[in-house]
Amino acid sequence: MWLLYLLVPAMFCRAGGSIPIPQKLFGEVTSPLFPKPYPNNFETTTVITVPTGYRVKLVFQQFDLEPSEGCFYDYVKISADKKSLGRFCGQLGSPLGNPPGKKEFMSQGNKMLLTFHTDFSNEENGTIMFYKGFLAYYQAVDLDECASQSKSGEEDPQPQCQHLCHNYVGGYFCSCLPGYELQKDRHSCQAECSSELYTEASGYISSLEYPRSYPPDLRCNYSIRVERGLTLHLKFLEPFEIDDHQQVHCPYDQLQIYANGKNIGEFCGKQRPPDLDTSSNAVDLLFFTDESGDSRGWNLRYTTEIIKCPQPKTLDEFTIIQNLQPQYQFRDYFIATCKQGYQLIEGNQVLHSFTAVCQDDGTWHRAMPRCKIKDCGQPRNLPNGAFRYTTTMGVNTYKARIQYYCHKPYYKMQTRAGSRESEQGVYTCTAQGIWKNEQKGEKIPRCLPVCGKPVNPVEQRQRIIGGQKAKMGNFPWQVFTNIHGRGGGALLGDRWILTAAHTLYPKEHEAQTNASLDVFLGHTNVEELMKLGNHPIRRVSVHPDYRQDESHNFEGDIALLELENSVTLGPNLLPICLPDNETFYDLGLMGYVSGFGVMEEKIAHDLRFVRLPVANPQACETWLRGKNRMDVFSQNMFCAGHPSLKQDACQGDSGGVFAVRDPNTDRWVATGIVSWGIGCSRGYGFYTKVLNYVDWIKKEMEEED
């Protein structure tokens with residue numbers, strides 16, 4: 001609390017001037033020497049100041065001055081804002097004077113003057129009186145400039161706000177009506193509507209001062225920008241009034257409307273424009289006025305609606321729109337598929353799926369595709385077979401059917417147990433665009449070689465030595481080899497050669513792995529065989545029991561040659577079958593041995609054959625011992641022929657097979673392989689018993705299938 005004293009000169013002589021009080025928000029003012037009697041013949045003015053934006057409020061707490069008529073002798077005078085607020089003296093209850101009591105004195109500005117005046121004495125009827133003086137408190141009170149500026153009677157009023165005034169404790173500020181801009185003086189306003197932006201989904205827009213007359217010289221731009229996918233609708237309200245001319249369209253003032261940068265209307269006059277569907281989320285309203293006019297302007301309400309896309313329509317009867325909706329709007333989508341057996345096509349590209357999305361401009365983001373019938377393409381070629389259409393020839397589309405078949409009688413279709421060849425070969429073009437069989441799926445059938453069925457089986461009974469030439473097709477499995485000299489073999493399947501191991505690794509030679517392997521098939525004449533060409537070998541497999549270094553032991557004399565490429569079977573090239581039971585080795589059973597070996601001590605140029613009986617093993621064993629031979633004759637061998645016969649296999653026939661016709665199946669079986677003997681036409685011949693090696697043969701062949 002500031003205690004402010006009016007200082008008195010030492011001699012209490014009359015004093016003049018003013019005493020400023022430091023600017024504070026509150027304080028007190030007293031007479032000199034208060035509460036002791038104040039001096040005579042004294043006058044001074046106390047200047048009370050509070051911060052700008054506040055008023056001064058003064059209240060006397062104690063007041064005791066010499067009373068007089070009209071407060072002529074001693075008095076306190078209060079003034080503010082260049083006006084007197086009164087002259088006061090006396091005490092509360094005195095018959096003379098004018099005490100202030102508890103009255104509140106208020107300035108309009110931030111200053112108040114308190115003048116204290118005393119005369120030369122304080123006597124009453126010759127008696128000296130003592131008066132205490134006064135004690136007053138002041139405080140800063142908020143000044144409502146906005147209220148005071150409406151009272152323009154002051155000589156120096158505050159600058160007025162042109163439009164709106166806003167008071168706050170200690171000050172005020174000005175603002176402008178919509179469409180106007182506060183100027184640098186912070187009080188005056190100027191019309192400004194060149195860049196008004198509206199982003200709400202709905203609202204009202206009007207000219208300045210609507211419905212009062214709009215200001216002159218306006219260049220207004222009202223922009224409405226809403227979210228993508230919304231379209232704006234404009235509805236003008238009454239009254240609508242823009243200066244016009246009867247003969248010239250909108251020469252003075254005009255309202256122009258643009259949607260997406262395109263002018264969709266220019267309006268003036270008193271006729272309200274029609275409701276506008278802009279089909280856009282961006283609209284600009286340009287309002288221009290000249291320097292004169294007294295029209296009320298315009299007012300509109302804008303609303304938004306989600307933009308809609310046209311109903312999707314298919315291009316053909318095979319396209320399906322899933323869950324078709326009655327209406328599609330922004331961000332909605334539809335999925336198109338095809339009926340079974342058809343596929344989506346966009347341009348020339350095949351689609352696995354199709355989705356179209358409604359865009360913010362009311363269009364679909366991609367065009368409707370079409371559906372094209374699934375095409376399975378050309379059926380795969382069947383090796384050693386072919387196919388025929390059971391539906392329209394050459395048509396490979398959905399539901400087309402083909403029948404695969406094998407080239408008979410040389411091949412037959414591989415079938416599952418209990419199924420027919422006709423079922424195995426039927427393939428249908430499926431809805432997935434793939435040729436399929438009900439049992440095998442996508443995998444095409446397999447044509448297997450037919451074994452042991454020559455189209456021209458042998459009928460003659462002549463023998464190799466003393467016999468005649470074989471005819472084409474008599475022994476279509478016959479193989480001519482030239483490895484370490486002439487040899488033979490038999491075709492198994494369409495890429496395997498069955499032969500004797502000793503033709504690859506002769507007993508009288510050291511083991512060789514780099515010998516040339518020349519193999520010929522498909523003819524009965526050596527020269528013609530050479531013309532047909534050699535068949536490259538992919539792999540050689542010799543039975544592990546074969547021992548090249550044991551000259552008198554032909555145990556395991558069996559080998560397989562895998563051709564690099566499968567051969568194409570025909571009347572002169574067919575495989576022979578493998579045995580499956582012991583009856584093929586019954587005593588006396590007749591078999592045929594064919595070959596390109598020595599004939600009457602001459603090399604044969606044509607294939608020849610001999611018919612021999614299966615001999616008694618004991619007789620063969622006895623015959624061998626009579627020759628003082630130590631050759632091994634095991635259970636994996638059998639013998640054929642007879643010492644009394646002058647026919648036998650000879651050099652160059654090794655590796656060929658002992659072929660027997662199975663009367664039950666009418667198929668030819670390779671029961672033995674020409675292995676060893678003593679000379680030519682000098683007794684029995686010895687053969688590898690193929691039945692004992694069938695498991696090994698099948699295992700070797702299956703490893704490569």
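Every residue gets a Cβ built from N, Cα and C, even glycine.
Keep in mind the model is a prediction, meaning the values are calculated, not measured.
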Disulfide-linked residue for CYS193, taking Swiss-Prot as the record, within CYS161, CYS165, CYS174, CYS220: CYS220
Bond partner of CYS174 - disulfide, per Swiss-Prot - picked from CYS161, CYS176: CYS161
According to Swiss-Prot, which candidate in ASP253, ASP277 joins ASP243, ASP290, ASP294 at the Ca(2+) 3 site: ASP253
Neighbouring C-beta atoms (10 Å sphere around the C-beta of ASN167 (Ca(2+) 2 binding site)): 17
10 Å Cα neighbourhood of CYS189 (disulfide bond): matching disulfide-bonded residues from CYS161, CYS174, CYS447, CYS620: CYS161, CYS174
Sparsest Cβ surroundings (other CB atoms within 10 Å) among the disulfide-bonded residues CYS146, CYS406: CYS146
Reduced DSSP assignment, CYS176 (disulfide bond): coil
Within 10 angstroms of ASP253 (Ca(2+) 3 binding site), Cα basis - recorded positions out of ASN167, CYS268, CYS358, CYS639: CYS268
Spatial neighbours of ASN167 (Ca(2+) 2 binding site), counting only the disulfide-bonded residues CYS71, CYS174, CYS338, CYS371, CYS406, CYS639 and Cα distances within 10 Å: CYS174
Spatially closest candidate among CYS176, ASP243, CYS406, the listed recorded positions, to TYR168 (Ca(2+) 2 binding site) (Cα to Cα): CYS176
TYR168 (Ca(2+) 2 binding site): tally of other CB atoms within 10 A of its CB: 12
Taken over the domain 'EGF-like' (142-190), the model's mean pLDDT: 76
